[in-house]
Amino acid sequence: MERRPAFPSSFETHFIDIHEVLPEEEDKGKTQKIDKADHKRINRPIKVRDTNKRPHRSLNRQVSLETGFSVHNWESKAKDDRRVLTRSGRSLGGFDSANRIGLGAPKGDFSLFKTKPTLSKQNPLLPSRKEREMVSQRKDGSTGLDDSDYEDILLPKDEKWPFLLRFPIGCFGICLGLSSQAVLWRTLATSPATKFLHITPFINLGLWLLALAVLISVSFTYILKCIFYFEAVKREFFHPVRVNFFFAPWVVCMFLAIGAPPMLEPQILHPAIWCSFMAPYFLLELKIYGQWLSGGKRRLCKVANPSSHLSVVGNFVGAILASKVGWNEAAKFLWAVGFSHYLVVFVTLYQRLPTSETLPKELHPVYSMFIAAPSAASLAWQTIYGEFDGLSRTCYFIALFLYVSLVVRINFFTGFRFSVAWWSYTFPMTTASVATIKYAEQVPTIISKGLALTLSFVSSTMVAILFFSTLLHAFVWHTLFPNDLAIAIKKRRLVKEKKPFKRAYDIKRWTKQALTKNSSVNKDSDKAGY
């Protein structure tokens, strides 16, 4: 017998018997301990941390709109532990290459975004649906009610992605800027208000050919992206900002038809030209406007941003082209549809809720889209009715005020790196310049002509600067198309959505109670009347 304290800091003493243990007994004791431990581990209830106790990051507007992103990791044990990882992006779902348990995507594997993949085939080692449901269960076995989203980076960030995967739909903004410049220089060459400048029509011809060449190259490249990486195209279509640029190719085609050089343009445009450009635009418009009206998470109050004007401007451009082909009633129809939705978008963007996230700084150039819609509306009205009357001037003055209000906020449009988004400046500024020239035709004063020349010079200078900057970044510095992180974010819901709790003041219950009361009152009145 020997006395030994159980703990060095304790004042109590415990007596422990020490006797010789045979090898067989020792093995039995070990196996019994192992069996007990296994039994405890098997029967032990799975503990899941309560996600309501600790804050977590959900996919906000800045994350989903452009470059910002955060990643969440799972531990190797099946615990729902949310952590923000470093921005290495070396794995699928935030797993590091050292501790992947068969759940990460191999480095350089871009098959997830190729055409017609299935996630289970491309990465069969991803957590299954049953495993995710097990993670979402609570201690009592019930399903979790937290409807938060997890964010994963699906592609590696430390290596360069394929070119087609980095080529965004926003490149059609370059075509918008160049094609609108072709319209501007045709107007400068043919307008009576600027006749004293003696501008040669060959400038319009050169810009028109350049815009056509850029449109063909961008369209061909994006068609290749649709062929090889259709899943990436689908992600861009569901993006709240980039979905609006799917209208851009058809608007560019209509601009090229409107701004065609006089030596190449026939006397009367064939209506088939308008039908071929406006039909796909109108079908896409029906889908987007329907989602705005009754689209749940895609309703306008949730996805509205300045680039939403691009889905409205095409109505006015289509109205101008319809008037040129001789279909005035179709032009009036498109103008009415465009103006009604412009008012809705304008009011929605002005009355944003305090809880609505703003655009990231890299997308501040799209705020210039505020100028495009009223300018195009004034031009369309003038083309349809043949004069720059009161309504046309009203739309123009709105555009002019918005132009000035954005110009004075210079700091709002500085402090971020060059990107394709900068081309969002060109199209609205050029449209406002054309509208000013038309206003100077109706009101031929020194102020109106000077304003027309000033805005035209500013817009042309901006297009020239951006064009040469784009060439340098694309072919010299190779920085124009970085990894497109905006489409590489995956929202993964681990738990089921929370069903609304039925309360005493629920609308349905209140309605039923009101109906029963009214029916009882009617019965009593019938009895009394009888």
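Just so you know, glycine gets a Cβ as well, placed from its N, Cα and C.
Given the structure is predicted, the values throughout are model-derived calculations rather than measurements.
According to TrEMBL, the compositional bias 'Basic and acidic residues' annotation covers 128-141.
Residues or ranges marked as region 'Disordered' in TrEMBL: 114-144.
Here TrEMBL flags 163-185 (among others) as transmembrane segment.
Marked as transmembrane segment by TrEMBL: 205-230 (among others).
The transmembrane segment annotation in TrEMBL covers 242-262 (among others). Same-chain residues lying 6 or more positions outside the transmembrane segment (242-262) and placing a CB less than 8 Å from one of its CB atoms are 168-170, 172-173, 175-176, 179-180, 182-186, 190, 201, 204-205, 208, 211-212, 215, 219, 236, 269, 273-274, 277-278, 280-281, 284-285, 288, 307-311, 313-314, 317-318, 320-321, 324, 486.
Residues or ranges marked as transmembrane segment by TrEMBL: 268-289 (among others).
What TrEMBL records for 333-353 (among others) is transmembrane segment.
Annotation source TrEMBL lists transmembrane segment at 365-384 (among others).
For the transmembrane segment (396-416), the list of distant contacts is 361-362, 364-365, 367-368, 370-371, 373-375, 378, 388, 425, 429, 431-432, 435-436, 439, 455: same-chain residues at least six beyond its ends, Cβ to Cβ under 8 Å. Look at TrEMBL and you will find 396-416 (among others) tagged as transmembrane segment.
Per TrEMBL, transmembrane segment is recorded for 422-440 (among others). Below 8 angstroms of C-beta separation, residues 170, 173-174, 176-177, 180-181, 183-184, 187-188, 191, 193-194, 307, 313, 365-366, 368-372, 375-376, 378-379, 382, 388, 393, 396, 399-400, 403, 413, 448-449, 451-452, 455-456, 458-459, 462-463, 466, 469-470 of the same chain, each at least six residues beyond the ends of the transmembrane segment (422-440), sit close to that stretch.
Residues or ranges marked as transmembrane segment in TrEMBL: 452-476 (among others). Long-range Cβ contacts of the transmembrane segment (452-476) within its own chain (Cβ-Cβ under 8 Å, at least 6 residues beyond either end) map to 174, 177-178, 181, 184-185, 188, 193-194, 197, 403, 418, 420, 422-423, 425-426, 429-430, 432-433, 436-437, 439-440.
Relative to the transmembrane segment (333-353), the listed stretch 365-384 leads the set 163-185, 205-230, 268-289, 365-384 in CB pairs under 8 A.
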